[in-house]
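According to TrEMBL, the feature signal peptide maps to 1-18. According to TrEMBL, the feature domain 'Peptidase A1' maps to 105-445. What TrEMBL lists as active site is 121, 326.
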Ligand SMILES: *[C@@H]1O[C@H](CO)[C@@H](O)[C@H](O)[C@H]1NC(C)=O
Ligand SMILES: *[C@@H]1O[C@H](CO)[C@@H](O)[C@H](O)[C@H]1NC(C)=O
Ligand SMILES: *[C@@H]1O[C@H](CO)[C@@H](O)[C@H](O)[C@H]1NC(C)=O
Ligand SMILES: *[C@@H]1O[C@H](CO)[C@@H](O)[C@H](O)[C@H]1NC(C)=O
């Protein structure tokens, strides 16, 4: 028993000894968010977000949604397994969707003449908004998009290219009946959530840059994991994604910097190769996209290693299946062997703190309410070509309770070794992530997200 444990522990290390590196996380700042009345020491400089009770409630539900998303991605994968010069740029603020009950990130775009708040999703292709007249729409604070009052809106016809593309991508024939000139669409996200309606075209304006005749779904029957956002912007690699549709305009390149959801600041989503942004970052390190014709819409990378607090880990799973990077998954999922190593090394370095019960999918939790600040060993993930994501200190811990009495390592294990790992948005905070679909690479640089 003991021998076995030692062997397991040793199999995690590279045999390279390295000084542990930790970063300071101030808990004081995080606990300055509105504390419930029963706390007598409510700080003065409370940066207001949501009431604690509200957040607690939402967060529990939201992580459940994250589980469903990962199951859905895994099931999509399982189901599948049975150039031009860029000329323009567009820059829009990207911010946490927490106010809209989602842990996804949102941007405001202009569709026709309407400003709409939509989720940014690199894990799917077709963009859509909830549309009037609606048969079944979830509640959203913004008025529904009404194609009838958008002068530049056009229905996509059945016998047109986008309709054929949709059909060949989804294998969904029969969306056009004999007497239906309009192209209907149905996207199901595998977990029961869906959007259905008709395909339309309108002018999409991103920042100051208009994209004419943008094809999107005018959704009349929508249900699922979208919080209260008005729709979704699909940034996947397939034909109908924003990136594919605008490859003439933006050159198939985009990047984002996702801010810490507690900070109240925005980051930026940039379409096109805006090199100015790299003045505020460390040099970008690139890794190649792993081609997978059957999983074409995902961005899949070759993860070759990881370290915790500067201590390199070893696992046979590195360099195997590939991992996908996704803006729409919250918590990073690692193969069990990798997760076990990360957790063991983290616990070895983060000692002396009282533990707390597990929270949802997070099994490594602490009660840190007695501390003003703690030193946290941070995670680095390495990718083929010497690219590296250095997880920001704010991406290491998930605050299940605002008073820091249940703070959890923000990583989770996949169920099976052969499932594909997913790098979630929590671990991408304060990193400039560059997607280059032309040169088939993804790059990372450290950046403190801001929109300016
Ligand atoms: C849409 O947002 C832009 C930028 O914030 C603003 O200038 C414009 O007035 C808004 N348009 C509408 C119709 O609300
Ligand atoms: C962006 O532009 C820079 C400078 O013009 C160039 O070196 C780089 O290769 C371009 N990157 C992409 C992803 O197109
Ligand atoms: C990942 O990179 C490693 C090291 O360069 C290489 O040995 C391995 O074959 C790569 N895996 C894939 C799936 O390309
Ligand atoms: C967390 O720790 C504090 C201070 O050590 C203690 O007073 C409190 O009861 C603990 N909370 C929980 C939920 O265990």
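Heads up, the Cβ atoms here are built off N, Cα and C, so glycines get one too.
Other C-beta atoms found within 10 angstroms of the C-beta of residue 326 (active site) number 24, with every protein chain shown included. As a whole-number mean, the pLDDT of the domain 'Peptidase A1' (105-445) in this prediction is 92. The Cβ of residue 121 (active site) has 24 neighbouring Cβ atoms from other residues within 10 Å, across all protein chains displayed. Residue 326 (active site) and residue 121 (active site) are 7 Å apart (CA-CA, integer value).
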